[in-house]
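Asks: Once you've had a glance at the structure underneath, I'll fire off some questions.
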Amino acid sequence: HFHDCFVQGCDASILLDDAPSIVSEKNALPNKGSVRGYDVIEAAKAEVEKLCPGVVSCADVLTVAARDASEMVGGPSWSVKLGRRDSTTASLVLAETGALPSFKAPLDTLIKTFGDNGLNARDMVALSGAHTLG
């Protein structure tokens, strides 16, 4: 989930595919081979749309899915405030120029990047560990 939130905010911009006016964040080097499960989010969004079309954003679906995944593996659960708006743009440039940490980044850079986004070292370890599960 931080792969979305660190770039332009928690706006589901990571879900946008390439289009004439969009270069997808999916193709950013820090996301390649790391972020997956797009099909799960798309399926969840499709089910939500059947029940309440045009009401729940992809950004909210992504956030709820992250919370549910944490809970399913024995991690914490939390209340999710809904109401996020979906982005209509993506930023491959931001995703590749420091908004997302490189898998090669040294520890101090990782701690700073997560800290710049309001997260501490413990959060960083938990979110990084999620990569081994997801």
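Yeah, the Cβs are placed from backbone N, Cα and C, and that goes for glycine too.
Straight out of TrEMBL:
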type	residues	note
DOMAIN	1-134	domain 'Plant heme peroxidase family profile'
ACT_SITE	H3	active site, proton acceptor
BINDING	D4, V7, G9, D11, S13, E25	Ca(2+) 1 binding site
DISULFID	C5-C10	disulfide bond
BINDING	P101	substrate binding site
BINDING	H131	heme b binding site
BINDING	T132	Ca(2+) 2 binding site
Asks: Restricting to the recorded positions H3, D4, E25, P101, which ones have a CA within 10 Å of the CA of C10 (disulfide bond)?
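Replies: H3, D4, listed in sequence order.
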Asks: If one measures from the C-alpha of V7 (Ca(2+) 1 binding site) to the C-alpha of P101 (substrate binding site), what distance in angstrom results, rounded to a whole number?
Replies: 11
Asks: Can you grab the distance from E25 (Ca(2+) 1 binding site) over to C5 (disulfide bond)? Cα atoms, rounded to a whole Å.
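Replies: Distance (Cα to Cα, whole Å): 12 Å.
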Asks: Applying the rule Cβ within 8 Å of the centroid of the Cβ atoms of D4, V7, G9, D11, S13, E25, what extra residues of the same chain belong around the Ca(2+) 1 site?
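Replies: Neighbours within 8 Å of the Cβ centroid, excluding D4, V7, G9, D11, S13, E25: C5, F6, Q8, C10, A12, I14, S87, A90, S91.
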Asks: Cβ-Cβ under 8 Å from S13 (Ca(2+) 1 binding site), same chain, 6 or more residues apart: which ones?
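Replies: The answer is D4, V7, E25, S87, T89, A90, S91.
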Asks: Just checking: which of H3, C5, G9, D11 have a Cα that is within 10 Å of the Cα of the residue listed as 'substrate binding site', counting only these recorded positions?
Replies: H3
Asks: D11 (Ca(2+) 1 binding site) to the residue listed as 'active site, proton acceptor': how many Å between their Cα atoms?
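Replies: So the alpha carbons of D11 (Ca(2+) 1 binding site) and the residue listed as 'active site, proton acceptor' sit roughly 11 Å from each other.
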Asks: Long-range neighbours only, meaning 6 or more apart in sequence with Cβ under 8 Å: which ones does C5 (disulfide bond) have?
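Replies: The answer is N117.
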Asks: Which numbers of helix, strand and coil residues does DSSP report for the domain 'Plant heme peroxidase family profile' (1-134)?
Replies: 70 helix, 2 strand, 62 coil
